[in-house]
Structures are given as C-alpha cells and as structure tokens.
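Following: one structure in structure tokens, then a few remarks.
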Amino acid sequence: MARPDDEEGAAVAPGHPLAKGYLPLPRGAPVGKESVELQNGPKAGTFPVNGAPRDSLAAASGVLGGPQTPLAPEEETQARLLPAGAGAETPGAESSPLPLTALSPRRFVVLLIFSLYSLVNAFQWIQYSIISNVFEGFYGVTLLHIDWLSMVYMLAYVPLIFPATWLLDTRGLRLTALLGSGLNCLGAWIKCGSVQQHLFWVTMLGQCLCSVAQVFILGLPSRIASVWFGPKEVSTACATAVLGNQLGTAVGFLLPPVLVPNTQNDTNLLACNISTMFYGTSAVATLLFILTAIAFKEKPRYPPSQAQAALQDSPPEEYSYKKSIRNLFKNIPFVLLLITYGIMTGAFYSVSTLLNQMILTYYEGEEVNAGRIGLTLVVAGMVGSILCGLWLDYTKTYKQTTLIVYILSFIGMVIFTFTLDLRYIIIVFVTGGVLGFFMTGYLPLGFEFAVEITYPESEGTSSGLLNASAQIFGILFTLAQGKLTSDYGPKAGNIFLCVWMFIGIILTALIKSDLRRHNINIGITNVDVKAIPADSPTDQEPKTVMLSKQSESAI
C-alpha cells in the first residue's frame, strides 16, 4: 500500500476524527513508546507519547498543521487513532496520559462474595415454598399464606426498583452491595425469632426484609461484570454472578426437606428443626456481610475495557437518571426484551413456587423428591447459564442465542406439562432437568443482551427494569397458575404458561440486534459515545486506519 504523500492541504474530509487533530501512530509500537517519525531524518522528530516526556514538540506541531508526513518505516502504513492532546502538546503544557485498561485480580474476590450472599438470599426465597405443607401445618395458615412468603420477593421489587437503581447509579456499587448483604443478614436473624406457631407475622416480617435486600442484589450481576471484567470475559462473569442466585435456589430446593422433615405429630421436634435451619442461615449471612464490608470495592483502579473507559471519561454532571429511564423506554428493542424476559423469568418463578404442590398432586408424600426435582431443575440451569455465557463471549450472537434458548425452553415446558402425570417420577426428574437447563440458562442471556442494546445507559438500570418485569409477571403467573392448579389440576396451570412462552418467542424474534457495547470494544463508534483509545492486554486488537492517496480522499 502506498505511503501518504507530501502534498500540503487537508487530506481528511471535514468532520472526520482525523481532521480534529488525531495522530496516526505505528501499530506495532508498545504503549508509552509510540513514535511519529518526521520527514527530516530517521530520528529528527521522534517523540514518545502516552504521558512520557516529549522531544521536538515544535516538530510535532508541524505534523498537525503542515504537510502530511510519513510514519516510521513499515511495509504498510497501519495506524490507530490517538487524540492529538496525548501525542502533541504546546510548549509548557502538562502531559495528559491516556487512560489505561487493565484487569484487577480482585475482580474474582468481588464476584465470589457477591455470588455467595446472592445465594443466601435466593435460599431464603424458596425455603418455605418447597415444604409448603410443613409450614402450613406448623403456623396453621393456608397455602396461599405460604405462597405469599415467596411472592413477597416479587411484590417488594416492583415499587423499590427505581430508588434502588437510582442509588446504584448515584452512590455506587459498594454501598448497594452493603445494603443488599446487610438487609439479607438482618432478615435472617428476625426469622430466628419466629419459631413459634403463633408468630407467622414475625417470619413474614423477616421475609419482607430479605425481599427488600433482593432489590439491591438482582440488578448487580451485569454491573459487576461490566465494571470489573474485560470484554472477553464479561458475559461469563455475568453468568457466574447469576449462577450464585440460581445455586441458592438449588440449595433451597435441597436442604429444607432434609433439615425440616414432615413431623407434624411432634411439634417440638418440628420447631427445633426449623430453628436449626434459620440459625444456620443467619450465621452464614452474617459472615458474608462482614466479608462484603472488608473486601468489596467500588471499582478497579483502571477500567477493564474500552467501553468502561469511555463511560468513566464522561462528565458525571451529564448523567440524568430520569433521562436514562426515558431513553430505555424509547428503545423499542429493549421494551420488547423487557416483556419477553418478564414472561420467561416469571414462568420460572411460578414453576419454582408451585413445584411442591404440582409434584404432591400426583406423587403423594414425595416432599423430599419434590425438592430434588427442584434441585435438578436449577443445577441443570446453572450448567446452561455458564455454557450460554461462554458461548456469548466467544460468538457475540446475542439475539440468535436468546431466541434459540427461548424456543427450547418452550419445548421443555410442553414436555414437562404432558409427562408430569405419567406416575413415573424418574421421568419428572429428566423433564425437569431439560426445562431447567434452558429456562434458567436464559436468565444471564437477558441481562447481557439488554446491556448490549442499551449501552451506554447504566447496566444497573436496565437490569433492574428487567427484574421488575420478571417480578410483575411472576406474581401474575403464580396467582393464575396457583388458581388453575387448585381448580383444574397442574396440567391446566402449565398449559397457561406454555401459551405465554409461545407469545414470548414471537416477540423475541422481533427484537432488533444492535450490539452497541461490543462495537465500542472492537473500535466501532457511533454518534452517542466516544471510544477512548487505550490498550488492554485482554481486549481485541485495536482497529487500524489504512492511509493512502486514495483512502485519504475517500475518508
């Protein structure tokens, strides 16, 4: 390819970034040592950039205002865009180093702590429903009362999501994490004082606090992944953060039937078993709150990706929470995703809440196996989540993957519905696992797809709205499916969910895939976001600009 010539005059069209004072730098130069070689000799005008001391600044000024000059000798002229302020300065001006991108080892600690206290919160959500008949007999209340111990998680989320996301956007990640972990711990201790048959209201109070804690937990996976992890691992990190919540649901399906067996004839033993479960949960929640206070940091020293560097460079006063909400609701693809995510996740919440009742309808006395089926459903979903996260990091095929998983979840729900009453419980284990693999595996897909199509809006806000939609659909689906199950049997309730999931497939197919964050990370910018050129050891190779006589005029 020909080198740039020495003709005077503007070689770049007005309005292009090169016309605003960008310097072409040799692609192979290491960070901090890039150089521009002027025309008057091999080292006549060479100067390092990226914050290092400069030589021949006057010569550098000539590059900006004078004739086009060739770069350092290379077979081809390959350059990446560097703001002129970083490479050439007026005499006496202070150097302005470029923002660096790097990965912090602490990111794994932050992810682990979050995943663990999210696990405990999810465990407390499902610990009543999976042994609903036991708590129904102990407290002397109806099944609807026990269902509300689960649905209060969904109910509390809807009105509190907006102040919670505002807090996350304005006060930061650490304070939000402390509130989530702290309220989770407090709610667990309150429930320890409810182990008497007339104190159902106390256990409801503790569960309400845990449900408020959930508001400060569910919106964090995509924010933690974006703030702490590089572009090649962000989807996997998000899936891992969601995995903690799913694992908590799995443990909630497994442990309560084992720790609190159905001993209605011995109330004292039953109370002792419930107390053991509550105190054990409180001890773990307390330990995790302490770890959160010690080790959970706001953000790493350096941004992990080009997209985060661009966001951190934006002036804070330009951010408006109300404007961000309006932008999200004007984004038609996001609105469609909001509905489809709510349908899928709401169906999962409903199935999880009513699983014990569905199983006991056809398999009397199988409380323990009902918990194991729930465990199978969630563990299979955990595998699905990780595989989907790895697949997204590798392919970036967000819409295609989301649509395929949605279709397979629908097929799994249909199979589960029509095999539940075959009287072979092993079949329910298999179909429950298939359903969980795709239905639970969908959860991180929705988060990451939302971040992609709404960038640069806050990840916490988009995730929070997705979760609010899930809670609303979860309440409606649980009430409707519970009523249908009581009046007509589990099959009627499950068919109700199948119809809604089919609608979700149609709406998912209509979503336009605009991967804004991914485009920033690979160097493609749009009018809304300015990418900051900074090297990262894990980022994709920076895009290059090939300069020649023909390409200069074509730009």
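Placement of Cβ uses the backbone N, Cα and C atoms for every residue, glycine included.
It should be emphasised that the depicted structure is a prediction, and the values quoted were computed from it without experimental measurement.
Marked as ethanolamine binding site by Swiss-Prot on the basis of experimental evidence: GLN214, GLN471. Cβ neighbour count for GLN214 (ethanolamine binding site) (all protein chains, 10 Å cutoff from its Cβ): 29.
The N-linked glycosylation site annotation in Swiss-Prot covers ASN265. Residue density at ASN265 (N-linked glycosylation site): 7 other Cβ atoms are found within 10 A of its Cβ, drawing on all protein chains shown.
The feature phosphoserine is assigned by Swiss-Prot to SER56 (among others), with a large-scale study or a structure entry given as support.
Taken from Swiss-Prot, the feature phosphoserine covers SER536 (among others), and the record attributes it to a large-scale study or a structure entry.
Sequence annotations record features per position, and here Swiss-Prot assigns region 'Disordered' to 1-52 (among others).
According to Swiss-Prot, the region 'Disordered' annotation covers 535-555 (among others).
The feature topological domain 'Cytoplasmic' is assigned by Swiss-Prot to 1-99 (among others), with experimental evidence given as support.
Within the model, the topological domain 'Extracellular' (125-142) carries an average pLDDT of 88. Sequence annotations record features per position, and here Swiss-Prot assigns topological domain 'Extracellular' to 125-142 (among others).
In the topological domain 'Extracellular' (193-199), helix, strand and coil residues by DSSP number 0 helix, 0 strand, 7 coil. Sequence annotations record features per position, and here Swiss-Prot assigns topological domain 'Extracellular' to 193-199 (among others).
In the topological domain 'Cytoplasmic' (229-233), helix, strand and coil residues by DSSP number 0 helix, 0 strand, 5 coil. Per Swiss-Prot, topological domain 'Cytoplasmic' is recorded for 229-233 (among others).
Annotation source Swiss-Prot lists topological domain 'Extracellular' at 260-265 (among others).
If you look up Swiss-Prot, you'll see 296-331 (among others) marked as topological domain 'Cytoplasmic'.
Look at Swiss-Prot and you will find 363-366 (among others) tagged as topological domain 'Extracellular'. Secondary structure of the topological domain 'Extracellular' (363-366) per DSSP, as helix, strand and coil residue counts: 0 helix, 0 strand, 4 coil.
Look at Swiss-Prot and you will find 454-461 (among others) tagged as topological domain 'Cytoplasmic'.
Feature annotation from Swiss-Prot assigns topological domain 'Cytoplasmic' to 513-555 (among others).
Residues or ranges marked as transmembrane segment by Swiss-Prot: 100-124 (among others).
Here the Cα atom of GLN471 (ethanolamine binding site) is found 37 Å from that of ASN265 (N-linked glycosylation site). Here the transmembrane segment (490-512) has Cβ contacts under 8 Å with residues 332-333, 336-337, 339-340, 343-344, 347, 350-351, 354, 357-358, 361-362, 399, 402-403, 406-407, 409-410, 413-414, 416-418, 420-421, 449, 453, 477, 480-482, 484 of the same chain, all six or more residues outside its ends. Away from its own ends, the transmembrane segment (234-259) comes close to residues 107, 111, 114-116, 118-128, 130-131, 217-218, 220-222, 224-226, 228, 273, 276-277, 280, 305, 352, 355, 367-368, 370-375, 377-379, 381-382, 385-386, 388-390, 392-393, 440, 443-444, 447-448 of its chain (Cβ-Cβ under 8 Å, at least six residues beyond either end). In summary, the transmembrane segment (332-362) lies against the transmembrane segment (462-487): three or more C-beta pairs, each 6 or more positions apart in sequence, are under 8 Å. Rounded to the nearest whole angstrom, the C-alpha distance between ASN265 (N-linked glycosylation site) and GLN214 (ethanolamine binding site) is 35. When Cβ distances are compared across the two stretches, the transmembrane segment (173-192) makes no contact with the transmembrane segment (462-487), since fewer than 3 pairs at least 6 residues apart fall below 8 angstroms. Under the DSSP three-state reduction, ASN265 (N-linked glycosylation site) is assigned to coil, being neither helix nor strand.
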